[in-house]
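So that you can see what the record holds, here are the features copied from TrEMBL:
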type	residues	note
BINDING	D:R75	pyridoxal 5'-phosphate binding site
BINDING	D:R97, D:S98, D:Q105, D:R317	substrate binding site
BINDING	D:K275, D:R397	tRNA binding site
MOD_RES	D:K288	N6-(pyridoxal phosphate)lysine
Number of protein chains: 4
Amino acid sequence: MNDSTLQSIAPDLVPANYLSVANNARTNRDKQIRILLEKKLPGHGWDNATIEYFVNELALMDSNNFLNRCGVGEREGRVVCELVQRRHYNFAHGIGRSGNLTDAQPKAAGSTILNNLTNALILDLIREAGIGSCRKALLVPMATGMAVMLTLLALKAERPQSRYVLWSRIDQQSCFKSIQSSGLIPVVIDTVPVEERDDTVLGTDLGAFRDKITELGASNVCCVLSTTSCFAPRTCDNIIELAKLCQESDIPHVVNNAYGLQSTYLTHQLEQANKHGRVDAFIQSTDKNLLVPVGGAIVAAFDREIVEHVSKLYPGRASSSQSLDVLMTLLSLGKTGYKNLVVERKELHQNLLKRMIAIAEKFGESVISGRNPISIALTLKSFGSDQQMIGSMLHRRGVSGCRVVTGTEEKSIAGVKFKAWGSHRDLETVPYLTASAALGMSRKEIDGFIDKLDQVLDERRVKAQ
Amino acid sequence: MNDSTLQSIAPDLVPANYLSVANNARTNRDKQIRILLEKKLPGHGWDNATIEYFVNELALMDSNNFLNRCGVGEREGRVVCELVQRRHYNFAHGIGRSGNLTDAQPKAAGSTILNNLTNALILDLIREAGIGSCRKALLVPMATGMAVMLTLLALKAERPQSRYVLWSRIDQQSCFKSIQSSGLIPVVIDTVPVEERDDTVLGTDLGAFRDKITELGASNVCCVLSTTSCFAPRTCDNIIELAKLCQESDIPHVVNNAYGLQSTYLTHQLEQANKHGRVDAFIQSTDKNLLVPVGGAIVAAFDREIVEHVSKLYPGRASSSQSLDVLMTLLSLGKTGYKNLVVERKELHQNLLKRMIAIAEKFGESVISGRNPISIALTLKSFGSDQQMIGSMLHRRGVSGCRVVTGTEEKSIAGVKFKAWGSHRDLETVPYLTASAALGMSRKEIDGFIDKLDQVLDERRVKAQ
Amino acid sequence: MNDSTLQSIAPDLVPANYLSVANNARTNRDKQIRILLEKKLPGHGWDNATIEYFVNELALMDSNNFLNRCGVGEREGRVVCELVQRRHYNFAHGIGRSGNLTDAQPKAAGSTILNNLTNALILDLIREAGIGSCRKALLVPMATGMAVMLTLLALKAERPQSRYVLWSRIDQQSCFKSIQSSGLIPVVIDTVPVEERDDTVLGTDLGAFRDKITELGASNVCCVLSTTSCFAPRTCDNIIELAKLCQESDIPHVVNNAYGLQSTYLTHQLEQANKHGRVDAFIQSTDKNLLVPVGGAIVAAFDREIVEHVSKLYPGRASSSQSLDVLMTLLSLGKTGYKNLVVERKELHQNLLKRMIAIAEKFGESVISGRNPISIALTLKSFGSDQQMIGSMLHRRGVSGCRVVTGTEEKSIAGVKFKAWGSHRDLETVPYLTASAALGMSRKEIDGFIDKLDQVLDERRVKAQ
Amino acid sequence: MNDSTLQSIAPDLVPANYLSVANNARTNRDKQIRILLEKKLPGHGWDNATIEYFVNELALMDSNNFLNRCGVGEREGRVVCELVQRRHYNFAHGIGRSGNLTDAQPKAAGSTILNNLTNALILDLIREAGIGSCRKALLVPMATGMAVMLTLLALKAERPQSRYVLWSRIDQQSCFKSIQSSGLIPVVIDTVPVEERDDTVLGTDLGAFRDKITELGASNVCCVLSTTSCFAPRTCDNIIELAKLCQESDIPHVVNNAYGLQSTYLTHQLEQANKHGRVDAFIQSTDKNLLVPVGGAIVAAFDREIVEHVSKLYPGRASSSQSLDVLMTLLSLGKTGYKNLVVERKELHQNLLKRMIAIAEKFGESVISGRNPISIALTLKSFGSDQQMIGSMLHRRGVSGCRVVTGTEEKSIAGVKFKAWGSHRDLETVPYLTASAALGMSRKEIDGFIDKLDQVLDERRVKAQ
C-alpha cells in the first residue's frame, strides 16, 4: 500500500490512533528493509511474515503481475497453473537477459532486484565466513559440476590455446566430468600420503603438479583445479602451495570448494591461498552450504572480472528459483543464524569424531581424519570381504550418506580408467567407511548412526568369527 | 514498503527507469485498494496476488506481527503452530472486544479494518442482490441456526415479557432448535396448500397466524419467524402479508433467508415485505450464498439498531476466520463475478426443472415446483414402498443432497412432535424426492444426476413390476 | 495412494529396491497415524509434512473433494475462491448436523473424523494438564463468553424454574455479559480480601454465596459461576469450597477457567474441586491455552452428560476452522511440546515476579501476587493521578496487555452498576498496573517490558517531583 | 495412509458406512494416478487437491522426509528455511546423480519418479502436439540457450574433429552465444527473401548452406543449427530441405524450436523434416510452450541416443524445480487443456493479424506475416525517424514485448559484427514493429494493444505532419 492510501483509511474502518500505532510498526519494519537494500545481510534473521511481505512486493514489480498488462511478445511470464504461480511467489521472468546473466530485465524490475540483492548478500556471507578478500559472487542456477564447467569454458575463452586441466584427483564423478564436458583434457594428478595430526591422509602431490606443468608447457594448461572439501582420508588440497605455483607459472587456479563454506578451516585456506598466490575462482554448491534444495552453485572470486566473464558467457536467461531460495534462506537466518549453524556443526564434528574413535577402539580398527574438518574415515580391515554388506545393512537401517570404500574397485569414466576408485589414488588401500558431520546435521542423527554402526559391526564380527 | 523506501532503491540493484515502470504499476494497484477502502465492492474481481497483498498488509497492522512486540497481557495473539499461522495469514486477534462484536481492537488495527470492511462489502452485495433498502449487515462467525438464536435473544431482551415465537413450519431442524435454545416457546403454524404456477405447493397459513396472535396476545409474542428459501413443495412464505400482519400487530418479524440471497425472486420478496410491512431482521448463511466453508451467517436489517443490538449482545471476541473467507471471496468475485454466478444458477435451475419434468413424464409421475426458485420435487407415487431405497441407490452412485420424503415419518424434537416429518405439515402426503439447483452448481452435476436418477428409477420400476 | 498403486510403480520410473526403502518409510509414518487414530495425543510433535499429509487425507474423504461429485442439495461444500479453499485445506462442510454439533456428517467423513479426533485429543491434553478425572471435552467454535452462555442455556433447560446465576465478581465484561445474554439474572457477589503468601489479594466471599443461596432458594439458582484465571490482585476463586457448597445445595457449578489450562496450580484446583464437591462444567479458551487464533472454546466436564447436552443444544452446523487449528497445533506440539511450554511459562512467571519486585522496591511501591500463577499487580500509589498516563506511555512504547486500574472508575453494563471497575469489588482501592506471564511469552518480552516500565516510572517520578 | 490404517478407523470416529463412501472416492482417485503412472498424460486436467496429494506422496518417498532419517553424508537434502521447504513441496534432492542427469537416486525415490514421469509426459505431449515420431524428451533445468549449448557439446564429443556450426541467422542473442560458449565457431548464413502467402518474408538461404558445407568440408561441420519460431518478417527456416541436405552431407541437424511447440504448423514442419531428412535434436523452452516460469528447456529427438548422450554429459545433479513446475502444469491441463490453449492461440493470432492489417490500412503501412504462425510485422515507413519513440510510448502505456526494428543498427557479439541487427540479414530494411500472439495471451491484451497502437500512431502522425 502506498503511504497516502494507508493514511487515507477512514475512521469508521479503524480509529486514527490505532492506525497510527500500526503505521509506526510499518515504519519499523521498513527500517529493516532499507538496511537490506543497502546490500547488507541482516544481523538477525527475519520472521516469515516479513520475508514474504518483502518477496511479494518484489514480485509485484514484475510486469507479469501488472494489472493492465498487455503483452505482445513471445515471452511474457505467463504461468497457467495456479499452484506453480503460487510456489514461485508470482515470479516468472527468471534472471538475466540473452546478453548476460546479470543484466537487468526491463519487464522485471522485481526479479532484477531479487537477483542482484541475492548476489550481494552471498558476497557478504562469504566474507563473514572467513574469505574477507572475496570481491564478487554469482549465484548460477545449476549445480556445482556445471558451474565448474562454465568457469572452465570462461577461462578457455581467455586462453584459447590451452587444452589441459590439471586436476588433483578426488574420486567424485561430477568434478571430473565437468572437465570433459567443457571439451578440455583432464590431467589426473594422483594424491600422495601426507601427515596431518598423527594421521596419514591423502593430499596434494605438489611435485607432480610442477613436473606436469613443465612437461605440458604452462601456456597449454587452461588451469589447475583443486579441491577443499572432500571425503576422508582425502584431505583438503594444499591450495596455498598450489596457488603459489599457479602464480609463478601464470596459470589460472580454480578451487572446487563444494561444501567448504561451512568450515572456517577451509575458508581460511582459501583466504590464505589468495594472499600468497593465485586463486581465480572458487565454486561451491548452495544446497550443501546454504541448506536449500539442490540446483544452485556460487562462482566467487577475489577479482570481479572472472565472475563477470562467467555471467556473460551464459547464453540466455535462467531460473530465478535458486535466487529466491537463497534470498529467503539468508533472510531467515541472518548473520547470527548462519554463524550458529557453523558453530554447531563444528561441535557435532568433534562429537562424531570422538564416538567413532571409541567404535574403532572397540573393534580394533582405526580412525583416519587428519585435518579434514567434515569427513571421518573408519577402517574396516578386520571384517574380511564384508564391507559392502556393512554398507547395505546400514542403509536398510535408515543410515544415508555412509560411504564404504573397498579400495579395490576399478572405474572408467569417459575412457579414463581409475584404479582403487573411491580412494583418490591408484594404489590399493585398506577398506574403510566414511561419515560426515555436515551443516544442518542434528545430534540425534549422530546418536542414531553410532548405535546402528555399533550393532552392525557387532553382528558382522560375530558372523566373521 | 513505504514509498520512500521504494524510491531509495539503488541503481545497481535496478535501473531507475525500470523501477519507475514498476512504481507506476504499484500506484495503479493502489487505486483499486483506495476504491475498496471507500467500502465499495469492486466491479470486477481481483487477481490472487492483489488479494493476498492487501490481506497481508492488513495482518501486518496487528500487534502480534509487530517486530518488537512486548506482550504482558493474557491474550497476545500468539500462534505456536506455523501451519496455523500461515493459513490465517498471520491474523490471530479475532474480531470484536468483550463489549461488542464490532468494537475496534487497540491491539489489532488490521483485524478491525478486515471486519468492518467485510461487513460493509456484504451490505453492498445485499443491496446489489436486490434488497436495496438494506441498511446494515453483520457477519457473525456462527452458522444460521445460532445467528437466528442470537437475533431472538436480542429481540427477547427488548420485549422481556414476550415468550412465544410464531413459526411457519419448515421441516429443517436447526431453525426449530434455534427457538428452543433461546429459551423461547415455539408455536408451530402448519403450512397450507397454495397454488403457484399451476402447482399446488405448501405455503403460509396467514389466517392461523392472525388467530394465534389474537389467542396469545401480541405482547406475548416475541416475534414471527418466517422462511424464504426451502425444499419444494414448500414454497417461500408469504412474507409480504406476514410483514403487514406484524406491522399491524406491532410484532417483530424475523426472516430466515438461509440461502435466499442467491435468488433474485427471494430478494425481491424481502425488499417488498419491508416496503409494505415490517421486517426486523433477515438471516442468511455465508456458505450457501457466498460459497465459503460452513460457519458464518449474516444478520441484516433495514434498520441499523437491531443489528447493533445483536452485535452488542454477543459476549466476547469471535473468530475472524469467516470475515477473512468472505472478504477474499468477495474480492475475487467482484460484483460481476457474483452476478454471473446468480445468472448461471437461474439458468441451471431452468435446465434441471425441464429435465426433471421429462423424467416425471417418462415414469408417470409429476413435478411440484411452484415459484420455488431453487428446489424441485418429483413425486414417487408409483414406486410402492421403495422410496428410501431410491435415495440410498442415488447416494451410492455419488449423488449427494437428494432428499427423499416418504410423508409418513414422525419426529420428536425436544418434546414437540411433528407428523409427516419432512413434508412441512402434519397431513400425510405422497412420497417424493427433491433436488436443488443451488449457487455454484455445474451443468455436469445436473447431467450426472439426471442420468443416475433415470437409471435408478428404471431399475426400481422393473423390480416393482 | 493405495498400497497396490504404490507397489505397481514400474521399474523404469524407479528401481524396485529404492521404492522398497520408500515404502518402509511410509509404513513407519503410518504407525504414527495409527497411534493417533487410537485417540492418543502423540508423545512428540509431528513434522509439518506429516501433519499436512494426514490433514489432506482427511479432507479428501469429504464429498466436496470427490472427483465425480454430483450435488443436488442446497449445501454442497462448494468453495468458489481458490485462496479460501486452500487455506481450509479443502475442508468446507464444517462440523455437526442440524441435530447435534457432534453428529457424524454423511457427506463429510473426513470432517467428522477431524472433529471427533480433535475432541478426543483435547480430552487427553486436559488430563495430562492435571485434570485427570475429566471425562469429556467439546471444542465449540465460539469464544469463551459464548461458550459460557451456551452452557448456562443448557443448564437452564434442565432447571427451567431457575432464574439466577450467582457470580463471584471478576471485572471482565464478557463473562458478565454471557449471563445476561442467556436471559438469566446475574447476582454479583463482591470479592473479599484474603491472605495468600503474605499478600492480601481478592478472593471468594463464601459467606455471601451461602447467604444468597438461602435468600433466593437453591431451586431458583441456575448455577454458581466461578473463575480460576484472572488479573491480580484478584486470585483464583476458592472453587473447592464453592464446589462443596454447590454439592450440599444441589446447585450446578460452572467454572470459567478461561486461560487456566496453562497453569498446573489452577488445573490442580479444578481436579480437587471435583473430588471434594461439584463441578458441572469448566470452560476455557483455545487461543490462550493452545496458542491458536481467537475463536474457540472448550467445554469440559467430569461427566459426559452436560457436554452432550451443550452439543445438542447448538442449533445447526458450525465452523470446523477451530478444530483444524487445534488439531494441527496439538500434532505439532505433542505431549512433550505442550509440557515444555507450560514449564517455560512457569519459569518466566518467576522471572517476571522477581523483576517486578525489584522495580517495586526501587520506586517504593509493592507487588501484589498471592497465589495468582499468571498475573502480577504493581501498586502505583506514589504517582499521583498519573496512572493512566503511565499506561498510555507504555502502550506507545510497544507494550501491550499492561492494564492500569485507577480503582475509582464506575461502569454500567446492561443496567448493572459496578463501582471501582477493574478492581473486582465495590470498595475503592490503590491504583496499580498488572502484567502477566502467559503461555507462549518469551524472555525477550519480559526484558523489554521491565526496561520500558523502569524508564516510564523514572520519567513520571521526575515529573511528579 | 496405508489401506489397512484407513480401514482400521474406529466407528466412534466415523460410522463405517460413511468411511466406506470415502474409501470408494479414494479408489476412484487412485485410478487416475494409476493411469498416470503408466506414463500417460491425463485426458482431462486434475484438480489442485489431487495434484498436491500426488506430489506430496512423491515427496514423502525421499529420504530427507523420512521420520527417522540419519544422514551422515555431505548432502542430505536438509532445508533450513521453512518457506523454502514448503514452496518445494519438501523436495530437496534435485534430479540425477553425478554420473547422469537421468540416473535414479538411492536417497530419493520420489524425486526419481518425479523426474522420469515428467520426461515421459513431455514426450506424450510432444507427440500429441504433432511430432508423432518423437522418441525421447529430456527436461533440462536450464533455459533454451544453455540447452542448445549442451546439445552442441554432446555432438562435438561425437565429432571431435568438427569445429563449425552453420547457423541460419536469426537476430536473437542467446542462440548465437550458445554456439560461442560451447567453444565452436559460428558460421552465419544470412537469410534471403522468400515468398509466403503474398508476403515477402525472410527465410533460409539453402544455396549458401550447400556452398558453405562444400567450402568447409562436411566433417569439419559439427552441425547445422536452424530455427522454427521467430519474429516476423523472419519466417520458419526451411527445415525440411535443410534436413535433406544434412542427411545427404552426413551432418547433424539441431533445430531451435524455442516456442514452436505451441504451433501445429511448426510441429508439422518438424515431423516432416524428420520424415524426409535428418533432425538430430530439437530444443524448446518450457516457459514459452508450457507457461511455467523461465528456467527449463526440453531436448527432444527422434532417436533416443542423442538425448541420452546429453543427459550423460551433464556433470552432476540438477534442480528438480522445473520438473515439478512442468509436472504440475501438465497435470492441471491434461491433453484437453493443452489443446484448448493451442486452439485459442491460433484464433487470437488470426484476430491480431486482421486488426493489424486494419491499422496498416489506416496509416498507409503494410503488414508482413507470411506463414509465421505467431509473430506479425507492421512497417513504419511513413513515421520518419520516430520508430524508437513509438516503441517507448507503447512501453510507457504498458505494452510489453512489442519490438521495434529500425533496420539500421549494428551490433557486435563476441567479435562478430551484425549489420541491420534485428532484421536477420545484413541489408538495410524498412523500419517495422512486431507483435506476437503467443500461448496464454488473452483477447483483452489484443484489444488493449490495438487501442494503444492506434493512439500512438495517431499521435506521431500528427507530430510528423
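Placed from the backbone N, Cα and C atoms, the Cβ positions cover glycine too.
Please treat TrEMBL annotations as automatic predictions, because they have not gone through curation.
Distribution of TrEMBL features across the structure.
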residue : record                              : DSSP class
D:R75   : pyridoxal 5'-phosphate binding site : coil
D:R97   : substrate binding site              : strand
D:Q105  : substrate binding site              : coil
D:K275  : tRNA binding site                   : helix
D:K288  : N6-(pyridoxal phosphate)lysine      : helix
D:R317  : substrate binding site              : coil
D:R397  : tRNA binding site                   : coil
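Annotation for the binding-site residues D:K275, D:R397: lowest Cβ count within 10 Å of the residue's own Cβ, D:K275. Over all protein chains present, the Cβ of D:R317 (substrate binding site) has 29 other Cβ atoms lying within 10 Å. With a 10 A radius on its CB, D:K288 (N6-(pyridoxal phosphate)lysine) counts 26 other CB atoms from all the protein chains. For chain A, the nearby recorded positions by a Cβ gap under 8 A, listed in sequence order, are D:R75, D:S98, D:K288, D:R317, drawn from D:R75, D:S98, D:Q105, D:K275, D:K288, D:R317. The binding residues for substrate are recorded as D:R97, D:S98, D:Q105, D:R317; their greatest pairwise CA distance is 10 Å. Closest in space to D:R397 (tRNA binding site), of the recorded positions given as D:R75, D:S98, D:Q105, D:K288, D:R317, is D:K288, taking the CA atom of each residue. D:R97 (substrate binding site) sits 12 Å from D:R75 (pyridoxal 5'-phosphate binding site), taking the C-alpha atoms as the reference points.
Comparing D:S98 (substrate binding site) with D:R75 (pyridoxal 5'-phosphate binding site), their Cα atoms are 12 Å apart once rounded.
In the set D:R75, D:K275, D:K288, none of the recorded positions has a C-alpha within 10 Å of the C-alpha of D:Q105 (substrate binding site). The two recorded residues D:K288 (N6-(pyridoxal phosphate)lysine) and D:R317 (substrate binding site) have their Cα atoms spaced 25 Å from each other. It is 11 Å from the Cα atom of D:R317 (substrate binding site) to that of D:R75 (pyridoxal 5'-phosphate binding site). Looking at D:K275 (tRNA binding site) and D:R75 (pyridoxal 5'-phosphate binding site), their Cα atoms lie 46 Å from each other. On its own chain, D:R75 (pyridoxal 5'-phosphate binding site) has no residue at least 6 apart in sequence with a Cβ closer than 8 Å to its own Cβ.
Ranked by Cβ neighbours within 10 A across all protein chains shown, the binding-site residues D:S98, D:Q105 are led by D:Q105. D:R97 (substrate binding site): 20 other CB atoms within 10 A of its CB, across all protein chains.
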